[in-house]
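Peer 1: Straight from Swiss-Prot, here's the annotation block:
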- 1-87: topological domain 'Cytoplasmic' (TOPO_DOM)
- 119-828: topological domain 'Cytoplasmic' (TOPO_DOM)
- 230-235: motif 'HXXXXD motif' (MOTIF)
- Arg278, Arg279, Lys288, Arg293, Arg328, Arg462: CoA binding site (BINDING)
- 442-455: compositional bias 'Basic and acidic residues' (COMPBIAS)
Amino acid sequence: MDESALTLGTIDVSYLPHSSEYSVGRCKHTSEEWGECGFRPTIFRSATLKWKESLMSRKRPFVGRCCYSCTPQSWDKFFNPSIPSLGLRNVIYINETHTRHRGWLARRLSYVLFIQERDVHKGMFATNVTENVLNSSRVQEAIAEVAAELNPDGSAQQQSKAVNKVKKKAKRILQEMVATVSPAMIRLTGWVLLKLFNSFFWNIQIHKGQLEMVKAATETNLPLLFLPVHRSHIDYLLLTFILFCHNIKAPYIASGNNLNIPIFSTLIHKLGGFFIRRRLDETPDGRKDVLYRALLHGHIVELLRQQQFLEIFLEGTRSRSGKTSCARAGLLSVVVDTLSTNVIPDILIIPVGISYDRIIEGHYNGEQLGKPKKNESLWSVARGVIRMLRKNYGCVRVDFAQPFSLKEYLESQSQKPVSALLSLEQALLPAILPSRPSDAADEGRDTSINESRNATDESLRRRLIANLAEHILFTASKSCAIMSTHIVACLLLYRHRQGIDLSTLVEDFFVMKEEVLARDFDLGFSGNSEDVVMHAIQLLGNCVTITHTSRNDEFFITPSTTVPSVFELNFYSNGVLHVFIMEAIIACSLYAVLNKRGLGGPTSTPPNLISQEQLVRKAASLCYLLSNEGTISLPCQTFYQVCHETVGKFIQYGILTVAEHDDQEDISPSLAEQQWDKKLPEPLSWRSDEEDEDSDFGEEQRDCYLKVSQSKEHQQFITFLQRLLGPLLEAYSSAAIFVHNFSGPVPEPEYLQKLHKYLITRTERNVAVYAESATYCLVKNAVKMFKDIGVFKETKQKRVSVLELSSTFLPQCNRQKLLEYILSFVVL
């Protein structure tokens, strides 16, 4: 790729950001712009005094309540009004008061006594798992099927030999898969972890009320399914350790077979871990591995039948971006199938949020820079432990969401009307290519609804499981506490990229903390803001530079501008992204609507007003564009509905104000008369076809027009929100630019490598506005999105995905429209 391509070459630059309009110095604001030392959240200053006072005196929010819409009966179970007030507890702080003994010797031996008094014994765990799995009907059928394929025309004797051969193979697989839990090993590991965690973590906080709900769930004699977010390898041990400390039996943990290494694998098996393949789909010859799938299914069914607890990581692998990744629902589908066969009466689902000040891996810069992932080995584990002992990784927070009934969730979904099945291509192409007649709004609506009514049971089942997985991950992500490193990294990258005085950073930190609490997210820290900020800066290490200035004897804090440091700061900054993600989407959509009019787009709206309906639809389309970046909203809500609610919050904050009646007179056509030139299909509306015709929605509605506040603090907040999505949108727009030079079919791994090299080169030559836009995660997500919306066709050649342009995007003009669409949201 030559340098001209890096500067966007011959592409129509009238739609591209002008570098002269961007100054990193815009990220730097004085303390006066954030307000005086009253530290009220800036966007709420226009609210009433009473509302502001209640905000400042608010208690910590209690996170993790289940969805009332999908599980109304579970909402009242395991919860009572006193639970939120039970407060936090540091799990690794143990002394003689946590044992039945007192005195000098008890103080010296408190760890040993505490571990010895935990309730763990052999009778808690599954027995005869291997034999029961091998004798299950599904496994027997799979063995017979595989044996028949090995010896299709053989005699009965040869067939018997083939069956025995397959059975031996099945036993070998189960030896790797089936865990043999050892109570003695759990106790020993508990004592070791108590020592280790105290050496490299300041504390591990849990909410006592949440643990009370989990304990109440264990008394139902139903299997529990723990579904945590996945940030670090420590996640595997952390949950088991916490449950052990509270006399709750250890769950069986699904682990990737990359951790099946000598000695370490034995430890994992003894603690309840069982290894599964990272890819279940195919055998080396390209066919489905019927035997392995049957064994895995039988193993999960047997554990649930014996009322064991399971722990599954829905993301499949550790998040390399700091955001909660999209769900991979393979194992979850096995759990749902088990319930549908009436083997067990019900399963209780418990999403789990885990937050670290600093993960023990430190960062994933190597993989984000495109280097291949190193395979785990005993030596790498030993080096990791030694490295951990040399450092302190700050605080950890684990949040257990309210348990909910899987049976109730499935029944509630079956009673809901089947909504339109919209693919990303159906949702976004009308916005990207509005002139395509086949994608007209009305036609898209009818087609999608007919497809949903004619959908097979299997497609509906897959959709149900995918929605369940998204529901769980959204709740787990919402439960994740915001850590001090998350806020400091976010402020340094997206408010003070050129540096800031420590005193101002502390003020802004306090403001951001209040903003987080106001959105019902909890914090993973407490104490004096200055101390907490210094703690975070210390943990961020070489990513932050501290210099002493002569002015007022002040310290000046600057984020490092090297690519690895920016990647690392972005990883921790993404820990706070989900707090503001919907507001950031509205802020970027606000820019898109206003910028379109500034470029002379067709509009009947006065220059100082914007259409709320147009803003909401524009934001809904951006939600679809970013849907590969994680779960943006609950699947029981449409993007249209969530965007509509977020615009309402902007009105509540005072960022947007509703135009006076006189201003709206004669300019607000009914919704039926409006023709958006980039209108999304009607199924994006949150109104159901089954709405009561007597309701207000049965009447003709008139659009609402809004004004944008011009106050400095509101404009600064909008800018901050827009910058949060800056790296994502720059990565997607750069990928769209790269598509202009696409030539011929190319293997997907090769294309990913070329695109990533292009983004890294832009960063190294200071062409990129956001260096963090070049992370490999964003490259993969952008290409996946382009496949989903129909830019690329994907074919398989020798088990390798090959990409080529679809007929829709063969014309250069359509690729240009894709680029223009993404750039319409980009603020520089």
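Each Cβ is built from the backbone N, Cα and C atoms, and glycine gets one as well.
Set these features in their place in the structure for me.
Peer 2: Sequence-distant neighbours of the motif 'HXXXXD motif' (230-235) (same chain, 6+ residues past either end, Cβ-Cβ under 8 Å): 259, 313, 315-319, 325, 354-356, 359-361, 384.
All protein chains shown were included, and the count of other CB atoms within 10 Å of the CB of Lys288 (CoA binding site) stands at 11.
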Peer 1: Using a 10 Å radius around each Cβ and all protein chains in view, which of these binding-site residues has the most neighbours: Arg278, Arg279, Arg462?
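Peer 2: Result of the Cβ crowding comparison: Arg462.
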Peer 1: If you average the pLDDT over the topological domain 'Cytoplasmic' (119-828), what number do you get?
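Peer 2: When the pLDDT values over the topological domain 'Cytoplasmic' (119-828) are averaged, the result is 86.
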Peer 1: Please find, for Arg278, Arg279, Lys288, Arg293, Arg328, Arg462 as listed binding CoA, the greatest distance between any two Cα atoms, in Å.
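Peer 2: For the residues that bind CoA, the greatest Cα distance is 20 Å.
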Peer 1: Just give the helix, strand and coil counts over the motif 'HXXXXD motif' (230-235), going by DSSP.
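Peer 2: Across the motif 'HXXXXD motif' (230-235), DSSP assigns the residues as follows: 1 helix, 0 strand, 5 coil.
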